[in-house]
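Enquirer: One structure follows; several queries about it will come next.
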Amino acid sequence: MAVLNLKRETVDIEETAKKDIKPYFASNVEAVDIDEDPDVSRYDPQTGVKRALKNRHISLLALGGVIGPGCLVGAGNALNKGGPLALLLGFSIIGIIAFSVMESIGEMITLYPSGGGFTTLARRFHSDALPAVCGYAYVVVFFAVLANEYNTLSSILQFWGPQVPLYGYILIFWFAFEIFQLVGVGLFGETEYWLAWLKIVGLVAYYIFSIVYISGDIRNRPAFGFHYWNSPGALSHGFKGIAIVFVFCSTFYSGTESVALAATESKNPGKAVPLAVRQTLWRILVVYIGIAVFYGATVPFDDPNLSASTKVLKSPIAIAISRAGWAGGAHLVNAFILITCISAINGSLYIGSRTLTHLAHEGLAPKILAWTDRRGVPIPAITVFNALGLISLMNVSVGAANAYSYIVNLSGVGVFIVWGVISYTHLRIRKAWVAQGRSIEELPYEALFYPWTPVLSLAANIFLALIQGWSYFVPFDAGNFVDAYILLPVGILLYIGICVFKSNHFRTVDLRSINLDEGRRKDMEADLSDQESSLASSETMKDYKSATFFRYLSNIFT
């Protein structure tokens with residue numbers, strides 16, 4: 001029998017035993033102490049978080065986690081501002097960028113699953129300053145999402161129980177989510193798994209309804225197909241509307257990259273991460289493109305309900321059901337949005353708290369945020385990040401509501417910053433890999449279309465970060481202009497500050513001196529026969545990187 005090491009070589013167990021080295025995976029040999037061996041330890045040795053997420057958790061977290069209130073409610077605002085064509089273009093183009101980013105994540109995180117994801121890798125392969133900019137931009141993105149979802153959740157419950165004030169619902173659920181997150185990552189993964197299935201089923205049900213509705217099979221209504229693309233039209237505000245929709249779409253795609261963070265707490269990142277990455281195109285087509293097509297087909301962009309004050313009523317799903325003649329459908333949609341809100345808050349707390357934990361381990365945040373209890377739960381980081389969500393209470397006051405809306409809208413440019421850093425870091429890792437004489441064949445996962453995917457993503461994210469506030473130029477809107485661009489100068493100042501006061505230089509790391517084996521590990525539950533067969537199967541990277549794009553498409557569903 002043979003066992004697998006990091007270089008995918010085989011060694012004889014008997015020979016290994018003579019050398020007094022414990023094999024990782026062998027059914028007839030005593031198991032290694034999982035707390036002593038860093039490769040298969042139950043806890044990440046660099047951050048202390050527990051490795052409890054299963055393959056199915058990671059897979060459904062990536063697939064169902066992107067179906068949030070933004071897609072169900074916020075996309076209606078995007079439809080109103082841009083029209084169905086703008087929505088389709090926005091989801092398609094941002095989807096191409098998201099696909100490129102996920103290919104980069106697949107290569108980076110499968111190679112280096114330990115230690116904290118892309119912020120840690122940005123420090124190792126660039127400097128101390130880059131992860132600060134990327135990490136805090138990521139915190140801002142999910143802080144904005146968290147505050148918005150607390151407010152959305154409370155608004156939904158007020159739809160049914162208006163006698164309870166908005167702040168009452170916010171405080172009740174603040175404590176509930178705090179307690180839930182402190183239980184542990186295993187419960188988080190299991191809960192998100194089942195919530196993801198509910199969201200997928202709900203979205204597919206809406207697609208089926210849409211097909212029946214536009215085909216004229218509801219209450220003998222005539223078929224109208226894509227009539228709303230002609231009247232009132234495909235675009236509501238021309239190119240300006242398209243520019244606005246791009247910012248919306250970038251926010252809706254945020255969280256796609258969270259697989260990189262979850263890998264640190266995954267039992268088997270070598271299997272889970274590639275599986276999640278291969279599902280990216282599936283997510284883009286079924287979730288985002290599907291939403292763009294069916295929203296544009298069932299709801300005209302000038303429907304007055306898209307600007308309704310009640311979040312439930314301005315959901316395109318609720319509007320379509322109401323237009324079909326089912327007035328009580330708003331309650332069903334309300335329940336569906338409630339499920340997505342619970343999942344979105346849960347996911348935002350997880351992503352934001354782990355990002356703070358990793359920043360603290362890099363010396364870029366207070367050390368207390370790096371502390372985890374004996375169960376691997378980063379209690380201080382969870383509590384601090386959850387406390388940031390209380391800014392949603394500002395929306396209770398009429399005077400503070402405008403300030404609240406500006407804060408929530410910060411998330412758009414933050415996504416472009418994070419994605420740009422991920423793509424740049426991928427280029428640096430590959431450059432270091434080649435500079436030290438490593439073979440591309442050694443990579444456990446090779447990004448499709450490299451180097452075009454990271455280069456395209458980097459260029460596109462820089463471009464979109466610079467033009468995403470274009471709609472506020474004429475007529476000039478000072479408040480929204482500052483809101484659109486404030487993170488860019490703040491990020492530059494943060495970068496300079498870290499270089500001056502922490503690093504004492506502006507140099508980047510020497511790629512030839514980096515330890516390329518640091519941060520690599522084996523899967524905890526890898527089975528020898530599975531590992532050997534996977535190396536010979538069509539899912540391995542030897543076949544994957546030599547396959548055509550159509551071969552790649554066929555592997556997405558396996």
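From the backbone N, Cα and C atoms, a Cβ is placed for every residue, glycine too.
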Enquirer: Identify whether Gly347 and Trp470 belong to the same side of the membrane as annotated by Swiss-Prot.
Expert: no
Enquirer: With DSSP helix as H/G/I and strand as E/B, how many residues of the topological domain 'Extracellular' (148-168) fall in helix, strand and coil?
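Expert: Result for the topological domain 'Extracellular' (148-168), in helix, strand, coil order: 16 helix, 0 strand, 5 coil.
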Enquirer: Check the transmembrane segment (82-102) against each of 169-189, 194-214, 242-262, 481-501 and return whichever range has the most CB pairs under 8 Å.
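Expert: It is 242-262, which has the most Cβ pairs under 8 Å.
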Enquirer: Quick test of the contact rule: Cβ under 8 Å, at least six residues beyond the ends. What residues does that give for the topological domain 'Cytoplasmic' (103-126)?
Expert: 44-47, 134-135, 138, 257, 259-261, 263-264, 266, 269-270, 273-274, 277, 280, 354-355, 357-359, 361-362, 418, 421-426, 428-430, 432, 443-450, 453-454, 457, 508-509, 511, 514, 518-521
Enquirer: Quick check on the topological domain 'Cytoplasmic' (190-193): DSSP residue counts for helix, strand, coil, in that order please.
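Expert: Tallied per class, the topological domain 'Cytoplasmic' (190-193) gives 4 helix, 0 strand, 0 coil.
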